[in-house]
């Protein structure tokens with residue numbers, strides 16, 4: 001019994017020991033497993049932290065490299081463009097502002113000698129018409145001179161010719177001599193100055209071109225406001241001949257100084273090239289949805305202005321408008337005097353009209369910065385407002401407050417319309433053809449300017465009343481607005497056909513790449529695009545148009561949303577986009 005009991009006790013003790021050892025082994029294994037798990041977790045965390053730190057280091061290194069490569073903000077790149085804009089403002093103030101303030105000069109020329117030249121209303125009206133027409137008709141020649149000798153020499157020549165024209169006019173003894181001295185010589189000099197002041201702005205301003213253009217053009221409105229009473233007081237105190245000499249000295253000094261400021265900028269500075277590279281990187285990181293948005297932003301332009309139907313319709317509309325455009329500027333003072341307004345009050349009307357015009361130009365320049373604004377429709381509204389104001393001249397001219405209302409209404413609507421011309425032409429023709437298209441626009445304007453004021457003077461001579469002349473001006477403005485309705489429809493149809501063609505080209509290129517991929521051929525050896533028949537220059541323009549869209553102030557794609565996504569997804573989208581970009585990429 002005792003022996004069996006001892007054996008059982010030994011068995012029980014062995015079982016207890018084995019059980020305890022099993023528990024201890026399980027416990028140790030659990031501890032080891034948890035320890036290994038913690039170690040692996042720590043290793044993973046350390047690895048992730050190392051990856052994150054490595055990414056941060058790369059990112060900071062890239063940021064530092066970008067910072068080091070970024071062009072420093074200098075006076076010429078940040079402030080000098082706005083100094084050029086201010087200089088263009090001054091040029092417009094003295095050149096076109098003088099034409100807007102021609103009313104007191106016109107009245108003085110009508111007087112008999114020795115105070116004036118004793119010309120008839122029709123003959124005297126030709127003095128201003130010839131000068132304005134020469135200024136606009138000679139713009140193609142002025143643009144060619146600027147292209148050959150650059151901005152500063154052209155501006156200095158224009159300042160010299162303008163001052164010389166006014167100086168020689170002071171020695172004229174007949175209205176007909178003024179046709180040559182004031183009409184041709186001063187007109188061509190002012191054309192050079194006017195052309196320089198406008199063509200230099202797109203070279204310095206890209207994003208804020210519309211605003212800078214509006215500010216510069218506001219100068220001729222404020223010039224009309226300031227020079228109209230100044231010319232009246234000057235001519236009343238010293239006479240027409242000495243007045244021309246003083247005007248010559250002031251005009252030459254101011255315009256010559258402005259010419260010294262003008263400096264032809266380089267075609268493309270390093271900062272602009274760096275910005276284009278950044279834009280290409282943003283373009284490569286687009287997904288398919290944003291690629292479609294970008295395609296909708298692409299704009300089709302004709303190779304020549306004579307095939308551009310919307311532009312030709314706009315030029316025809318311009319001719320109708322400008323047929324009676326300068327009638328109020330030339331004849332408003334005489335109309336006021338005929339209605340019994342005093343000379344001092346009548347001289348203020350062109351100035352008030354020009355002030356309202358300047359406000360309208362800056363206003364419409366700011367409005368055009370918004371992408372939702374239809375520029376053609378805004379231009380049509382300004383023409384309708386101009387028509388309404390001019391139609392009510394026979395009623396408003398019965399009192400001086402009525403004339404003030406007309407001057408403000410006509411000036412504001414005219415400013416809104418005038419500041420849109422170059423911007424709309426740029427939209428219709430593109431910046432490549434902008435100088436040629438704008439010079440054609442000015443020629444059309446001049447051909448109408450040359451006959452408008454003399455016809456108004458002839459109507460006044462025949463009827464003794466300005467009502468018919470101003471009715472004619474309003475009717476031409478209304479007809480000009482009506483002619484613009486087909487422009488938007490034709491333009492939209494052209495854009496639709498162009499984008500459909502671009503989608504088809506991309507689909508064909510994608511199909512070719514897929515076929516090459518199935519055959520196992522290298523993708524870079526595949527024909528990048530079916531547009532092999534296109535010239536290299538045209539493909540380069542298409543490439544530049546894609547990149548330039550990203551720099552437009554009204555661009556709707558927000559690239560910041562892509563920065564928060566993973567690096568791998570961005571790489572995949574970029575590689576997918578690289579193939580599409582090579583469709584139009586050519587060597588310089």
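Just so it is clear, glycine is given a Cβ too, placed from its N, Cα and C backbone atoms.
Source: prediction; values computed, not measured.
The annotation compositional bias 'Basic and acidic residues' is assigned in TrEMBL to 1-14 (among others).
The feature region 'Disordered' is assigned by TrEMBL to 1-71 (among others).
Annotation source TrEMBL lists transmembrane segment at 79-102 (among others). Outside the transmembrane segment (79-102), and at least 6 residues removed from its termini, the chain residues within Cβ reach (under 8 Å) are 128, 131-132, 135, 155, 162, 190, 193-194, 196-198, 200-201, 204-205, 212, 215-224, 226-228, 230-231, 247, 250-251, 254-255, 258, 261-262, 326, 329-330, 350-351, 353-354, 357.
Annotated transmembrane segment per TrEMBL: 122-143 (among others), in sequence order. Sequence-distant contacts of the transmembrane segment (122-143) (same chain, at least 6 residues past either end, Cβ-Cβ under 8 Å): 95, 99, 102, 105-106, 109-110, 154, 158, 175-176, 178-179, 182-184, 186-188, 190-192, 194-195, 199, 326, 330, 435-436, 438-440, 442-443, 445-447, 449-454, 456-458, 461.
Taking Cβ pairs closer than 8 Å, the transmembrane segment (155-172) reaches residues 91, 95, 117, 142, 145, 178, 181-182, 184-193, 196, 241-245, 247-249, 251-252, 255-256, 258-260, 262 in its own chain, all 6 or more past its ends. The feature transmembrane segment is assigned by TrEMBL to 155-172 (among others).
Sequence annotations record features per position, and here TrEMBL assigns transmembrane segment to 178-201 (among others).
Annotated transmembrane segment per TrEMBL: 208-228 (among others), in sequence order.
The transmembrane segment annotation in TrEMBL covers 243-262 (among others).
Marked as region 'Disordered' by TrEMBL: 265-288 (among others).
Look at TrEMBL and you will find 270-288 tagged as compositional bias 'Acidic residues'.
Summarising the annotation, TrEMBL assigns transmembrane segment to 311-328 (among others). Non-local neighbours of the transmembrane segment (311-328) in the same chain are 99, 128-129, 132, 302, 305, 353, 383, 390, 410, 414, 417, 421, 424-425, 428-429, 437, 440-441, 444-445, 447-449, 451-453, 456, 469-470, 472-477, 479-481, 483-484, 486-487, 490; each lies 6+ residues outside the stretch with a CB under 8 Å from one of its CB atoms.
Taken from TrEMBL, the feature transmembrane segment covers 348-364 (among others).
The transmembrane segment annotation in TrEMBL covers 376-397 (among others).
Non-local neighbours of the transmembrane segment (437-460) in the same chain are 121-122, 124-126, 128-130, 132-137, 139-140, 142-143, 198, 305, 308, 311, 314-316, 318-327, 330-331, 334, 421-422, 425, 428-429, 466, 468-469, 472-473; each lies 6+ residues outside the stretch with a CB under 8 Å from one of its CB atoms. Annotation comment: TrEMBL describes 437-460 (among others) as transmembrane segment.
Sequence-remote contacts of a segment are chain residues at least 6 beyond its ends whose Cβ falls under 8 Å from one of its Cβ atoms, and for the transmembrane segment (466-490) they are 309-310, 313-314, 316-318, 320-321, 323-325, 327-328, 331, 334-335, 338, 374, 376-377, 379-380, 383-384, 386-391, 393-394, 397, 428, 452, 455-456, 459-460. The transmembrane segment annotation in TrEMBL covers 466-490 (among others).
According to TrEMBL, the compositional bias 'Basic and acidic residues' annotation covers 507-521 (among others).
Among residues of the same chain six or more beyond the transmembrane segment (348-364), those with a C-beta under 8 A of the stretch's C-beta atoms are 97, 100-101, 103, 214-215, 217-229, 328-329, 332-333, 336, 378, 382, 403-404, 407-416, 418-420. Broken down by DSSP into helix, strand and coil, the compositional bias 'Basic and acidic residues' (507-521) contains 12 helix, 0 strand, 3 coil. Non-local neighbours of the transmembrane segment (243-262) in the same chain are 83-84, 87, 90-91, 94-95, 98, 108, 151-152, 155-156, 158-160, 162-167, 169-170, 193, 196, 200, 231, 234-235; each lies 6+ residues outside the stretch with a CB under 8 Å from one of its CB atoms.
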